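*Asks:* To start, I am sharing the structure in question, which I have written as structure tokens.
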Amino acid sequence: MNAVVIAVLLMLVLSLLRVNIVIALIIGALAGGLTGGLGLGETVKAFTDGLGGNATVAVSYAMLGAFAAALTKTGLPDAMVEASVKLIGNKEDSRKKALSKVLIVLIILIVSCFSQNVVPVHIAFIPVLIPPLLKIFNELEMDRRLIACVITFGLTAPYILLPVGFGQIFQGMLKDNMADAGLNVPLADIPYALIIPVAGMVVGLILSVIVYRKPKQYETKDISGAEASPYTRKSIGIAVLAIVVSLGVQLYLSQTLGVEGMIMGALAGLIVLFVSGVMKRDEADSLITDGMVLMAFIGFVMLVAAGFSNVLTKTGDVESLVKTSAGFIGHSQSLGALLMLIVGLLITMGIGSSFATIPVITTIFVPLCMQLGFSPMATIAIIGAAAALGDAGSPASDSTLGPTSGLSADGQHHHIWDTCVPTFIFYNIPLVIFGWIAALVL
């Protein structure tokens, strides 16, 4: 049996059985490597060699956690909570409470979508924005699974559909790799071809709102490094300045210089808080350490996920899976489209990145689509949807690790059952259905 299928399924089954995701990824990597013929020594080497693949993101998260913890000293989180409580009003005022829920969901959705294009910081906003809002979610009895679905939608749908920010990178990769495989398509056609698959994600978002709209109670707990702090207009102003400086540095480094900006952005924000006197010298060390600990688990998962991905790549069974599936299709367009989408789902679930999936699948899928008689627009829809499938729902993807990092800050949100399973159901299933429809109608 294919090593990728075995590794991914084993990792998913163990995760669903509530085995720690780090352990599940390691066991899945070992099983995949041994099944793929690498041998124990080569498997372990491939795993350890790959650990550094997500090192930058892991360190970025640690720094952002430190920045988020330091922001608590300005009193900004408490000011946000007080303002929201005033907005909510009396607990018996159910209409006002419902409107507050809608407003918060819309704000989080807009911020998440903008993080992919308008202010392309990707997941960097989550550790700063979400932990302070947990008290508000508790006050409103909001189901955090809904928030996870909203954030994940914002992290994925915009880059699939819109040719700006991360979407420009995704669609540029799609065009270039399709051209390398023998099919030249205009860049301007790609968003139109992906409208139907993304419409499926919109349907999934609406369904998640319907399913998770009911109240759910959580215990209000103190977050490490987030004890209540008195605040003034000056301290709130400094907090806003620190956030603006942090975002400014990130955008300058990533957009102007073309380098990763999260680490230096978080550092710049910390410097503003330190120089302003909001963060005292005698408490800075413990505060920053507490913030880093807050994000440590997500960092470890990202590191191990990179090792897992490297093992699957080294087996050569990723390409083998694509070629084997092509042999089952025959001349059936409907079966071909469905199998290509499912193969894309399996690969992205294992690799944890839709961007990394594109080069793997285009080399086989483009000639196969041409052989089956699919139009260029249908081919774009199949490959785009196949690559995007699994980004939502994969335990190793930053599109799920990001939401979990913020929502689990008080230990009451499970990565697999509260983020991965809901996002898998509400986004991957509609994406398969609507991607399949797009392939047949375009």
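Here the Cβ of each residue, glycine as well, is placed from N, Cα and C on the backbone.
Look at Swiss-Prot and you will find 21-41, 51-71, 103-123, 146-166, 190-210, 236-256, 259-279, 292-312, 335-355, 364-384, 421-441 tagged as transmembrane segment.
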*Asks:* Sort out the residues at least 6 away from either end of the transmembrane segment (236-256), same chain, that have Cβ-Cβ distances under 8 Å to it, and list them.
*Replies:* 67, 71, 74-76, 79, 119-121, 124, 128, 262, 264-266, 268-270, 272-273, 276, 278
*Asks:* Between the transmembrane segment (292-312) and the transmembrane segment (51-71), do 3 or more CB pairs sit under 8 angstroms, pairs being 6 or more residues apart?
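*Replies:* Taking Cβ pairs at least 6 residues apart, the transmembrane segment (292-312) and the transmembrane segment (51-71) are in contact, with 3 or more under 8 Å.
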*Asks:* Who are the long-range neighbours of the transmembrane segment (103-123) in its own chain, taking Cβ under 8 Å and residues 6 or more past its ends?
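*Replies:* Tertiary neighbours of the transmembrane segment (103-123) are 84, 87, 129, 133, 136-137, 140, 142, 146-147, 150-151, 153-155, 157-159, 162, 164-167, 209, 247, 250-251, 254-255, 262, 265, 398-399, 401-402, 405.
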*Asks:* Below 8 Å between Cβ atoms, which of the listed ranges 146-166, 190-210, 335-355, 364-384 makes the most pairs with the transmembrane segment (292-312)?
*Replies:* 335-355
*Asks:* So which residues does the transmembrane segment (190-210) touch in its own chain, when a touch means Cβ under 8 Å and the partner is 6 or more beyond its ends?
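*Replies:* Non-local partners: 105, 145-146, 149-150, 153, 156-157, 160-163, 171, 174-175, 377-378, 380-381, 384-385, 388, 392, 422, 425-427, 429-431, 433-435, 437-438, 441-442.
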